[in-house]
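S.K.: From Swiss-Prot, here are the annotated features:
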type	residues	note
BINDING	14-21, 91-95, 153-156	GTP binding site
MOD_RES	2	N,N,N-trimethylglycine
MOD_RES	301	5-glutamyl glycerylphosphorylethanolamine
MOD_RES	374	5-glutamyl glycerylphosphorylethanolamine
REGION	14-21	region 'G1'
REGION	70-74	region 'G2'
REGION	91-94	region 'G3'
REGION	153-156	region 'G4'
């Protein structure tokens, strides 16, 4: 076995018909966690339904359908391997809640793979004013996904097939576009592929002898290659934030007979250890952690990315709930936010948003109505430069700095200190109407909260 490979998370983005599913399905299929039996079953079903030409996407559709129905499918199905990494696809758009998931997402993507269709007229549709290509790429950048790979797909259906001219034309236009958003095209590999036929996916295509490979330049080291798989292998692995203070948003709180209260959640930053004195915000409850478990095994420490359950002393299920955040009581403990300032981008709101608007915010695991108390300034969404002070209203496409006040106690952090607790989705009318990143938090000094005896005792040590 040797040393285990590093885990990397990617998000696959692009317009509806760009071939994301087929491309992703192909990778999972060829390098992934799907066993032969499942694949044969899928192929048979696809053929029976006359969808033989659709088999890679079919793999993904089956997985998606199961995800949508809430069946926890074996997450290994969304994984595949490169020479250096285990890669998990943390979300595939087309999924209704894609934007919300990308923000509150179970995890931050280390890299976005943008698939654009090279077919006649297809590329133009995707990148047009209302195409999703732009929105997805802008979202990825706004939410801190700083690495990007571009697959120019469906090279088999260009005019003529596998056209060098078409690839170069698309590369030029997409480069200009991503540059406007904030990416540096010199660091982005552009790979001409066919997700269906497999050209330049895992091995170099014989159909494009003109393609001499992609090259990228970056301060962490230059890289070059030919295939999409090689480009994925050149992702720079993330620095996991173990050195920051602990932040663990609660997903659920269970009461387990004979054990007691067990909060469950994902460590976003820092380290959680048995014996630690943790404070929950905004409940303002402090107690000792008795034990920490993952997959029914006791841990000596839980690190960022770990989904854990931990047992806390003398606290009832009524004291803490989903959306609370646990942190180290002695190291920048989490606190309730009285109000916060955020930079928001309005994605799709049919009308005008003015001060007083109070939609629901999804931030980490919290789901709470917040009021747009004050619209401070409208800004240019690319450069962040101020366009006007105190705008009367905001509409789709606008970016602004706003002051927000939670309707109920809530714990959030600035994006620069704790990224996963500093980005949010604004939900209204069953869709994501805006996204935001938090620039500043006005923390509320809560009155003295509940401190359990064991915590008080351990605190004196």
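Just so it is clear, glycine is given a Cβ too, placed from its N, Cα and C backbone atoms.
Context for these features, please: burial, neighbours, distances.
M.R.: Counting only residues at least six positions away in the same chain, the Cβ atoms of 271, 272, 273, 292 sit under 8 Å from the Cβ of residue 301 (5-glutamyl glycerylphosphorylethanolamine).
Cβ neighbours of residue 374 (5-glutamyl glycerylphosphorylethanolamine) (same chain, under 8 Å, six or more residues apart in sequence): 355, 402, 403.
Averaged over the region 'G3' (91-94), the predicted model reaches a pLDDT of 54.
For the region 'G4' (153-156), residue counts in helix, strand and coil come to 2 helix, 1 strand, 1 coil, using DSSP.
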S.K.: With DSSP assignments reduced to helix, strand and coil, which class does residue 20 (GTP binding site) get?
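M.R.: Residue 20 (GTP binding site) sits in a helix per DSSP.
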